[in-house]
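Student: Before anything else, here's the structure in question.
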Amino acid sequence: MTDTNHSSMRQHSLQSLAIAAIGVVFGDIGTSPLYSLKEAFSPAHGIPLTPSAILGVISLLFWAIILVVGIKYVLFVMRADNNGEGGVLALMALSLRPLNPKSRITGLMMALGIFGACMFYGDAVITPAISVMSAVEGLEVATPQLSHLVLPITIVILIALFWIQRHGTATVGKLFGPIMLLWFVTIAALGIYHIARAPMIVSAINPYYAFSFMSEHVLLAYVVLGSVVLVLTGAEALYADMGHFGAKPIRLAAYVLVMPSLVLNYFGQGALLLLDPKAIENPFFLLAPQWAALPLVVLSTVATVIASQAVISGAYSLTSQAIQLGYVPRMKILHTSELAIGQIYVPVVNWLLLFVILCIVIGFKSSDNLAAAYGIAVTATMVITTILAAVVMVKVWNWNKLLVAMIIGVFLVIDLGFFGANLLKVEQGGWLPLGIGALLFFLLMTWYKGRHIVKERTAADGIPLAPFLQGLLAHPPHRVSGTAIYLTGNDTLVPVSLLHNLKHNKVLHERTIFMTFVTRDIPYVKDHERVTVHDAGEGLYIVKAEYGFNETPDVKAVLEEVARQRGMTFELMDTSFFLARETVVPTHLPGMSIWRERVFAWMHQNAAKPTDFFAIPANRVVELGTKIEI
């Protein structure tokens, strides 16, 4: 095959991935024109709809997109991939790699990363609510007599969206790219039409209008910044979803289609306001002629459902990562596709999200009311991403510190400006994502600290495995047929379940395997590096299985690899899995306060059973209880 053919195939693949990315990555930021400009000129802000104010706000929107999306995320942050994977937890794991595990900065970076992940959940409960509601509110423009149905229709759409999650979205997901492609072309066309009617709006490209607006209104303009940030919602998704599509397709889609379409639409809305300031009632839907209003409502609703789907899938992926990294208790994770490894469904997360989202929709009642709650979670995550990226630039890439200070300084000024403006909205609704984020942060840190204490207590009371096995083989107990697999969290200590089995049953299986799962700070582990088997003699094997934080441990696959390496065969019905069921007992021992220990004990008790998490047949499991005082 010629180089030309290779090149054309790569180009075709890049374009296909870019279209697929449009359907997943850009849904959130792509639907922000539905409410962003309307919220910026909210009557509560008191900004007059004069030509200079309109040009000033549009200029702010334009430069926010260019600086934050086009330069910060697409050019800089997307370079900081963890073996191809993006997202705040992947970035945190990358930033921790060169640091001393016991240093204060390590603890700070870890706390920042976890808090950023928690704020994502605060964002995840608002995005579906505000996106779907703002789309359905288009009915008030298209058919005003149906305006009383906005809330019920929104609720029905959201319930249906979460209900279908357990069946997977692989089939319908193939349509996401083409639909969002149509969406971006549509909003660009609507914008171009109105720009042609009021070409004066193009002068908003000049940053003079943004600075002039800021200097003329000062305090009011700072408040407006809290609404301007709504055009950036979903910018973090460009980085978080990088592992699914790669940096090149996302950059291609961002620069060629998404950013131009967004800019054209915002400028079109600005042009409409120059022509008719009363259009601020709903500037997005009033861009369309009356005959196209209803089709636009339908397309908008589908686009917001796709945007919501991306956030929901992101919540599943983030939860899975957090479980593997040890920040969240085990949860049942179901794979909804045999072909796509990332297609997962986490029932607990799904129904909790739906419950909170429905409460938000019913409580806030309109997208205008909800807009105040939106933004603070986004800007908090943006600030955290910038700080973590700075650590990576200095410690991992070894960039010049002065250069890093200049780059990060500019980004932090922008990010902190947006974050500060959104703090002004805490009372109007910003308390919601902050409260959700703070609660989750407390729970995750409690779980992480509690697991650390449990490991310390277990290690202190544990017996080293190697000398124990030597003594065991020197004076062997009665051997019985079959295979015993002891799942253990530490491959250097004797599993408590083995000690209990020897104490009560006084037998040892003819083939005994000690299996440990280890999560590394990379997203995926190569197959040939995953499983190591140490033969301890006399049918005793120590197996260590390594997984990335984007992978789910698979006992069956590990056994198949052990069988391949050692020429064994495993009959599942002739294999027993021994697990230690830990009961955590809160005490006044050093570690955590007693009330936090009780919270940890409750989380520990309600974590998914190892049999569910590791997909082990329940009828082949022997659980032996042990108490751990913390």
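Backbone N, Cα and C define each Cβ position, glycine as well.
Residues or ranges marked as transmembrane segment by Swiss-Prot: 17-37, 51-71, 105-125, 144-164, 175-195, 218-238, 255-275, 283-303, 344-364, 374-394, 402-422, 428-448.
Describe the structural context of these features.
Tutor: Sequence-distant contacts of the transmembrane segment (17-37), counting only residues of its own chain at least 6 positions beyond either end whose CB sits under 8 Å from a CB of the stretch, comprise 57-58, 61, 69, 127, 130-131, 134-135, 173, 175-181, 183-184, 187, 227-228, 230-235, 237-238, 241, 244-246, 248-250, 252-254, 256-258, 261-262, 265-266, 269-270, 273, 283-284, 300, 303-304, 306-311, 313, 367-368, 371.
Within the chain carrying the transmembrane segment (51-71), a Cβ under 8 angstroms from the stretch's Cβ atoms is held by residues 29, 36-37, 40-41, 200-201, 203-210, 212-214, 216-217, 221, 224-225, 228-229, 231-232, 235, 238, 254-255, 259, 262-263, 266-267, 270, 273-274, 382, 414-415, all 6 or more beyond its ends.
Within its own chain, the transmembrane segment (105-125) is flanked in space by residues 88-89, 91-93, 95-96, 99, 233, 236, 311-312, 314-315, 318, 322, 327, 353, 356-357, 360, 374, 376-378, 380-381, 384-385, 387-388, 391, 432-438, 440-441, 444-445, 448, which lie at least six positions past its ends and keep a Cβ under 8 Å from the stretch.
Distant neighbours of the transmembrane segment (255-275): 18, 22, 26, 29-30, 32-33, 36-37, 41, 49, 51, 54-55, 57-58, 61-62, 65-66, 69-70, 74, 181, 184-185, 187-188, 190-195, 197-202, 204, 231, 283-284, 286-287; these residues of the same chain sit at least 6 beyond its ends, with a Cβ under 8 Å from one of its Cβ atoms.
A Cβ distance under 8 Å defines the sequence-distant neighbours of the transmembrane segment (283-303), meaning residues of its chain 6+ beyond its ends; these are 27, 30-31, 33-35, 37-38, 132, 134-136, 138-139, 141-143, 157, 179-180, 182-183, 186, 190-191, 193-194, 265, 268-269, 272-273.
Sequence-distant neighbours of the transmembrane segment (402-422) (same chain, 6+ residues past either end, Cβ-Cβ under 8 Å): 64, 67-68, 72, 76, 222-226, 228-229, 232, 375-376, 379-380, 382-383, 386-387, 389-390, 393-394, 430.
Within its own chain, the transmembrane segment (428-448) has Cβ neighbours under 8 Å at 44, 111, 114-115, 117-119, 121-123, 125-126, 322, 326-329, 356, 360, 364, 369-377, 380, 422, 592, 596, 599-600, 603, counting only residues six or more beyond its boundaries.
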Student: At a C-beta cut-off of under 8 Å, are there same-chain residues at least 6 beyond the transmembrane segment (374-394) that contact it? List them, or none.
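Tutor: Distant contacts of the transmembrane segment (374-394): 68, 72, 76-77, 80, 88, 91-92, 94-95, 99, 105, 109, 112-113, 115-116, 119-120, 122-123, 126-127, 130, 226-227, 229-230, 232-233, 235-236, 239, 401, 404, 407-408, 411-412, 415-416, 418-419, 422-423, 425-426, 429-430, 433-434, 437.
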